[in-house]
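K.L.:
Please read through the structure below; I'll follow up with questions.
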Amino acid sequence: MKDVMKKISILVVVALLMITTFSMNSLQVQAAENIEINAESAIIVDANTGKVLYEKQSDLKLPPASMTKMMTEYLVLEAINEGQISWDTTTQISDYAYWLASPGNNFSGIGLIQDQDYTVRELYEAMAIYSDNGTTVALSELIAGSEGEFVKMMNEKAEEMGLPEYKFVNSTGLSNSDLGDYHPEGTEPNEDNLLSARSSALLAYHLINDYPEALEYSSKTTTELDGRVLENWNWMLPDWNNDNFSQYSYEGVDGLKTGHTDAAGHCFTGTAQQGDRRIITVVMKTSSEGERFIETKKLMEYGFSQFETAELFPTGFQLEGESKLPVSKGKEKEVGVETAAAFETMIKTGEEELYDVRYEFDEDKLTEDGSLKAPLEEGEKIGQAILQYNGEIDYGYIGGDTADQRVDLVTTDAVEKQNWFMLALGAIGDFFANVFTTVVDFFKGLFS
């Protein structure tokens with residue numbers, strides 16, 4: 001009897017442990033799925049593919065404050081890359097830029113000096129690291145002649161990048177109402193820049209992929225100008241020697257741009273690299289300087305812990321049932337088709353089985369009956385293979401060239417065109433076969 005009771009007790013304990021473990025796992029999964037972000041708008045993006053890993057009202061247009069400067073940074077780096085200016089090009093400070101940089105005007109100005117030459121590098125560092133407004137305007141005036149003309153360039157570049165929601169009215173992110181008579185020509189005196197979290201992420205995606213040197217500057221904790229030390233507003237950088245920032249520090253963070261105005265609240269576009277993975281995060285309209293980093297840390301922890309880079313389908317993958325296509329007028333009756341590259345992307349851990357591939361053939365390569373036209377070369381592109389996700393939530397991609405993930409679909413072998421004699425024999429054979437079939441059908445009809 002004691003043995004029986006002992007066995008029952010063991011079974012009860014094991015069952016309770018299993019239930020507890022299952023419940024804990026369920027809670028962990030639920031917590032991961034229901035990430036709570038205290039921001040008006042937020043997004044996580046894989047920086048390699050543009051795949052969206054999470055979003056919260058990411059299409060909502062809001063004032064971005066100094067996150068605007070990412071576009072100014074992009075246009076400065078583009079001008080350097082195209083040879084219009086160099087890092088050593090010098091310029092002087094206009095009355096407008098001087099006014100913006102003056103310490104007494106509530107714009108956190110650094111106090112620029114007029115009638116003094118500043119290099120592009122000095123101005124860029126003050127803009128990218130300290131988020132200074134006067135140096136930002138000085139750069140916009142250097143490149144376009146005036147901030148009004150520079151604003152036109154900003155909007156043109158936004159359209160070229162495919163930003164879904166945007167409006168640029170100045171280069172700094174301040175409200176035009178704060179600029180008074182200095183608001184850029186061609187804009188309204190009470191306008192604000194507007195960006196969605198999705199557009200901010202796409203802008204950051206272009207900035208760090210097109211000009212990765214931007215991260216060399218955004219990752220610096222300090223810079224110096226006119227003998228004054230300027231500190232980065234990004235408290236998540238891991239290299240800070242400041243105990244006050246230790247609660248916000250996060251491994252791999254090297255950018256990108258903070259922002260704050262009364263209209264925008266506190267916002268932040270962040271990016272971090274861990275191993276071979278990089279993600280971009282955006283939070284907009286949080287309630288404090290610290291909260292924007294706390295919420296960003298939540299996004300980054302979710303992005304890195306719940307997702308992994310996986311090769312879902314290898315190079316040379318063939319779809320079952322569609323591994324071969326018939327060939328018209330070829331020496332071979334059919335040819336194999338396969339993917340020219342692997343499908344590698346960031347996926348949620350454990351969801352490998354929720355992906356499949358579909359083929360999309362180039363209609364110009366096919367006959368009316370769906371056959372390929374000979375001759376064909378080995379490795380000839382005949383269409384595209386498209387990656388498909390069959391799970392519950394698919395946030396898609398942030399836009400542009402990353403609308404969906406595709407690779408070329410190619411032939412596995414070459415197929416020569418059949419010579420005219422064999423084609424003629426085939427045609428004659430087909431003719432007599434058709435005649436024979438017609439005669440047989442005729443006599444069948446007589447006796448039916």
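Each Cβ is built from the backbone N, Cα and C atoms, and glycine gets one as well.
The feature active site, acyl-ester intermediate is assigned by TrEMBL to S66. Among the features that TrEMBL reports, active site, proton acceptor is placed at K69. Among the features that TrEMBL reports, active site is placed at S131. Residues or ranges marked as substrate binding site by TrEMBL: K257. Under the heading domain 'Peptidase S11 D-Ala-D-Ala carboxypeptidase A C-terminal', TrEMBL lists 307-417. The signal peptide annotation in TrEMBL covers 1-31.
For each feature listed, report its degree of burial, its nearest neighbours and the pertinent distances within the displayed model.
P.N.:
All protein chains shown were included, and the count of other CB atoms within 10 Å of the CB of S66 (active site, acyl-ester intermediate) stands at 27. Under the three-state DSSP scheme, S66 (active site, acyl-ester intermediate) falls in the helix class.
Long-range neighbours of K69 (active site, proton acceptor) (same chain, six or more residues apart, CB within less than 8 Å of its CB): M127, A128, S131, T136, S171, T172, G173, K257.
Using a 10 Å Cβ-Cβ cutoff, S131 (active site) registers 24 neighbours.
Summarising the environment of K257 (substrate binding site), the number of other Cβ atoms within 10 Å of its Cβ, over all protein chains shown, is 30.
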K.L.:
Kindly assign S131 (active site) to one of the three DSSP-derived states: helix, strand or coil.
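P.N.:
S131 (active site) sits in coil per DSSP, no helix or strand.
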K.L.:
Limited to the domain 'Peptidase S11 D-Ala-D-Ala carboxypeptidase A C-terminal' (307-417), I'd like the whole-number average of pLDDT.
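P.N.:
Averaged over the domain 'Peptidase S11 D-Ala-D-Ala carboxypeptidase A C-terminal' (307-417), per-residue pLDDT gives 91.
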